[in-house]
């Protein structure tokens, strides 16, 4: 399937990136560099222009316009919400309509390329270009850990331009199906709707979707990609596929294996890097899920009342002080079970993948 992006590759931009793509062995990058930069520019626009306008217009009472760190975090959540809705819709559309992709065998899943899957790869990479940029500009807010996350996420998505596992770009981006509910849950807290019925319904949807798309779907697809990579490490693509790729003219309608002309077995370092990243994410998904169950449950449990111990003969200020300490402890216990605590704002909500 051809790239359905409404703007064709820009020749000057493709020519500019070509030497870098050749040096890094990323032959499909020149075909999608306009999408990468376009997505990064779009999310920058949402973060710096659109989010402040909409937030001030509809949520002026709650929007932290005069607090730099909180404002950056709020605007980042708006970007995350917009990105997750957009990329989920496009990924599902691609999986449904891209027949070439749907009919791929294991070799085509590893080395194959279609324009539609390349678009998903590029838009995801563009999001992480924005993510890296906003993290660098606000390093004092987001920290070195989130900087490392942004760098690694961008690197993983960039591998797809080899092309490598282009087929799986749509599959694993569907981890993001739970992200809109996670962002909405966060906004309910900021709008003083903690414990409300809308937050309860959203929390239930969050847990169900997170379980289905990350734990069931994600774990199964991870097993499939591990098998594909194991085969690909053993040997390169079949020569028959390579020969078929060049039976047609090298126009826009290329054989799926067109870019695998010189491909050999997948380098061990690349497979190990991918598997390590995927295992880490899947492990965190299971950990976060049980933490979220606890956090959502705590949102709707009435606070437990603790009786303050009254010293013998003690009245007045002694009781007030003791009650204040009890209240403080209760507040600390409730805060420890917050969604904000178990799922950090920037890394899991803006990453793509809780990345």
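Cβ atoms are placed via backbone N, Cα and C, with glycine included.
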Can you identify, from 13-35, 36-58, the stretch that TrEMBL calls transmembrane segment?
36-58
Have a look at 266-290, 291-315 and point to the one annotated transmembrane segment in TrEMBL.
266-290
Proximity of the transmembrane segment (110-129) to the transmembrane segment (36-58), 3+ C-beta pairs under 8 angstroms:
yes
Take a look at 78-98, 141-161, 167-188, 200-220 and tell me which one has the most Cβ pairs under 8 Å to the transmembrane segment (266-290).
200-220
